[in-house]
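Please read the structure below before turning to the comments.
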Amino acid sequence: MQTVRQLPALREAVAAFRAAGERVALVPTMGALHDGHLALVEAAKRAATRVIVSIFVNPKQFGPNEDLAKYPRKELADSRMLSTAGADLLWLPPVEVMYPEGFETTVSVAGVSQVLDGAARPGHFDGVATVVTKLFNQVQPDVALFGEKDWQQLQVIRRLVADLDLPVEILGVPTYRDDDGLALSSRNAYLIAEERARAVALPRALGFAERAIAKGDDPEGALAQARETLAAAGFEVDYVALADAETLGDPVAGRPMRLLGAARIGGTRLIDNIPVTTNEHG
Ligand code: PAF
């Protein structure tokens, strides 16, 4: 696996892939890799002949009181994992390559960026949209893969790609879960053992609410019950919401819906989401 930190070297490597007629996949990450990221790499290998993984802890998607400084950085372990997993190239731009002095541009996707996590974390999705646009322009992949765990992020990126006619196919990869159901996340590393044990309340509360809604119970009651369950497990709830799966706005009869939750345990903010299967709402 090649490791590249400067743009000219990246462009040269990608040009060589292209000259050889390869189909190029990009897996954008912020590092601190886990099995969920490896599932993205595996899916990328099925979707393309060359796999580029980027690791960049993007300062623009962290709020002023968020965890940018303590976000786990594990370059050596990540690089070994990716090499074993069969990635072809690791794109590791330093911050001054991604955002050189004088950088002034923000990419902002209205609507889908403004609700739920967008409301709870102002500016977060602008930071994501800006860095993902840059990564697409740097790598120029045929296909890019994102985890469904960050469901709203995936919808923001789909909107961005459609609106700006970006020539890249976006693939969502199902959430990778621990045996007890907790979605894997680099931030799970912050949880102490007792918080980790209680964290499973998040997928369980969502699953319980989903089954209630699917069998026709009042959604508001099911969501309220999920919030109560989470509060009883020691979570501070940001939101538990039923939303249109694509726009993240209010559910619309006949369109796919998603159940999403965000809550803090100790100092750690966890998110999760699942599809809602009802005949009534499609
Ligand atoms: O999901 C992530 O790890 C990040 O938000 C992403 C897409 C790599 C952009 O920084």
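Going from the start of the chain as shown, residues are counted 1 onward.
Glycine is treated like the rest: Cβ placed from N, Cα and C.
Summarising the annotation, TrEMBL assigns ATP binding site to 30-37, 147-150, 184-187. In this view, Leu184 (ATP binding site) is surrounded by 18 other Cβ atoms within 10 Å of its Cβ, with every protein chain counted.
His37 (active site, proton donor) counts 26 other C-beta atoms within 10 Å of its own C-beta, drawing on all protein chains shown. The active site, proton donor annotation in TrEMBL covers His37.
Counting only same-chain residues at least 6 apart in sequence, those with a Cβ under 8 Å from the Cβ of Gln61 (beta-alanine binding site) are Gly123, His124, Phe125, Asp126, Gly127, Val128, Val131. As annotated by TrEMBL, beta-alanine binding site applies to Gln61.
Within 10 Å of the C-beta of Gln153 ((R)-pantoate binding site) we count 24 further C-beta atoms, all protein chains included. For Gln61, Gln153, the entry in TrEMBL reads (R)-pantoate binding site.
Listed in sequence order, the recorded positions among Met30, His34, His37, Ser186 whose CB lies under 6 angstroms from an atom of ligand 1 come out as Met30. DSSP gives Ser186 (ATP binding site) a helix state. Between the CA atoms of His34 (ATP binding site) and Gln153 ((R)-pantoate binding site) there is a gap of 19 Å, rounded to the nearest whole number. Looking only at the binding-site residues His34, Lys149, the densest Cβ neighbourhood within 10 Å occurs at Lys149. Residues within less than 8 Å, Cβ to Cβ, of Met30 (ATP binding site) and separated from it by at least 6 positions along the same chain comprise Ile55, Phe56, Val57, Asn58, Tyr71, Ser186. Reported as a whole number, the C-alpha separation between His37 (active site, proton donor) and Gly147 (ATP binding site) equals 8 Å.
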